[in-house]
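These features come from Swiss-Prot:
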| type | residues | note |
| --- | --- | --- |
| REGION | 1-34 | region 'Disordered' |
| COMPBIAS | 15-32 | compositional bias 'Polar residues' |
| COILED | 60-162 | coiled coil |
| REGION | 72-125 | region 'Disordered' |
| COMPBIAS | 81-97 | compositional bias 'Basic and acidic residues' |
| COMPBIAS | 98-125 | compositional bias 'Acidic residues' |
Amino acid sequence: MTTAHRPTFDPARGKSNTQAAGSISHTRSLPSHTKLKYRYARISTNTDAMRKTLLENEGGLKQAATKLVAEQQQAETQVQDSEKELSDEVKAKIIEENRDDDDSGSDDEESDSDDSDSDSDDEDELLRIELERIKQERAQAKAREEERLALEEAKAREEQVAFGNPLMNPVAIKRKWNEDVVFRNQTKQARKEDSYVNDLIRSDFHRKFMNRYVR
């Protein structure tokens, strides 16, 4: 590309010029870009906000699941402790009754040995039945608690799946400014049906021509 059309800002000098080479420089010869350009701070977009919301929802779901697991473990521990305490109480009661029987008179033992044995057997049987009944009640309560926790966890999971993803949430479509205009779409015409026929005799033009000039 030629530069003949450009003006000469720095004309050529002959050999008679005694000035030192490079002592005079034009403004255009000086460096113009003396500062570095830095990147601007990133502008937050809808994608960033959506990502942040999803991360927060995920963290909330994890916390809820951890809380449910902790409650379930605590309930199991309480049931085990109560069963252990109950069994200890039953054992202590049996030992105390046996001790009372041993402290009774020797004469009574000899005369009523058969009756006391039968009574102790009956009491042991009743205690055993009572213990089994209490264990069944504890097991039923534990099963109900586990079922309740499972239902709550499933409900929380369904809500997270339904409302955690912003893309699946119902979106309210903004109405246009001319939605409620009184004379809206007046110039809009109904589409006419295509009456084209690939036959000159049965075409609309031929029929109009015959009706106008022949009949």
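Placement of Cβ uses the backbone N, Cα and C atoms for every residue, glycine included.
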Tell me the residue counts in helix, strand and coil for the compositional bias 'Basic and acidic residues' (81-97), as DSSP assigns them. 17 helix, 0 strand, 0 coil
As a test of reading the model: what is the averaged pLDDT for the coiled coil (60-162)? 78
